[in-house]
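For reference, TrEMBL has these:
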type     : residues : note
TRANSMEM : 31-54    : transmembrane segment
TRANSMEM : 66-84    : transmembrane segment
TRANSMEM : 113-133  : transmembrane segment
TRANSMEM : 164-188  : transmembrane segment
TRANSMEM : 200-218  : transmembrane segment
TRANSMEM : 251-274  : transmembrane segment
Amino acid sequence: MKDLVQSVELGVSQRKRLNVSQPKVWLKNELVRVGLAESLCTYVMMVLGLGSVAQVVTGQGVFGEYLSINLGFGLAVAMGVHVGGKVSGAHMNAAVSFTMCTFGRLGWKMLPLYVFAQLLGSFLAAGTIYVVYYEAIYDYCGGNLTVTGVKATAGIFATYPAPYLSLLAGFIDQVFGTAMLLLCLMALSDQKNKPAAAGSEPVAVGLLVMLIGISLGSNSGYAINPTRDIAPRVFTAIAGWGADVFRSGNGWWWVPLVAPPIGGVLGAGLYRVLVEMHHPPLSEQDGGLVEEFEEETAPLEKQGNICANICV
């Protein structure tokens, strides 16, 4: 009798497993899946990153300092990679997408989709932080939304140069910062070198962004990302800061838009010319067998999913 009861229970449990149905609605279109994932991971990265800036600024140092922003954006990038890494590659940065297209790791036809998704995610994230920190912002600045000055708050959303920084120096700053980002991302994804360990890619990319912020962030806030900067800047222009967001810093707005793609291609190209192109064949230590690797031209999301950028 006991055996009969156990067999019946086993049959019921098996039928329950077999009756588990697929969701009634799911997306099969690859472009839609990639676009949604890229938008969401960019949104997550930007909400958490901008939130860390808002907390530091409106808290006037009580709830963190400059290091808090670096930590916030680094961890935000890591979370963004977790959200979209296996679907879109979690670029979160138009400079990353442009560089991947340049080096044949992403089709050019995909670039508009990635850029639009990143712009949408960044714009919505700026709106979200504005709503969440609305009262804190107005309490901090007394309702006077300014781009420059002691109580300036536009810097919560977009980047602005330090008072001493010229446009030329700022342009070089953004080119160099993005070059370091892409150079290191290429190294982290290079399977013939010392890539990030499987599963550790989000943390590695987040630490890279944090390191760039700590070492290269003081001049202009290390935007190193066109879509991260322009979408929130447009939002602030609409939300009450006005056209000053484009006039400030001698018309700074175009520098984070133009310089990062240039820097990205230079950094990735430098790594490829000096390191990647010269990898010798791998030899088995025991048998001395030489193996040639296939050329790494697979889509980015199939190469470790760590060229995310993010970058802030």
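Here the Cβ of each residue, glycine as well, is placed from N, Cα and C on the backbone.
TrEMBL: automatically predicted annotations, no manual curation.
Distant neighbours of the transmembrane segment (164-188): 95-96, 99, 194-196, 201, 204-205, 208-209, 212, 216, 219-220, 222-225, 249-252, 255-256, 258-268, 270-272, 275-276, 304, 306-311; these residues of the same chain sit at least 6 beyond its ends, with a Cβ under 8 Å from one of its Cβ atoms. Across 31-54, 66-84, 113-133, 251-274, stretch 66-84 shows the highest tally of CB pairs under 8 A with the transmembrane segment (200-218).
Of the candidate ranges 66-84, 113-133, 251-274, 113-133 contributes the most Cβ pairs within a distance under 8 Å of the transmembrane segment (31-54). Under 8 Å from some Cβ of the transmembrane segment (251-274) lie the Cβ atoms of residues 93-96, 98-99, 102-103, 158-161, 167, 170-171, 174-187, 190, 220, 223-226, 228-230, 233, 245, all in the same chain and six or more residues away from its ends.
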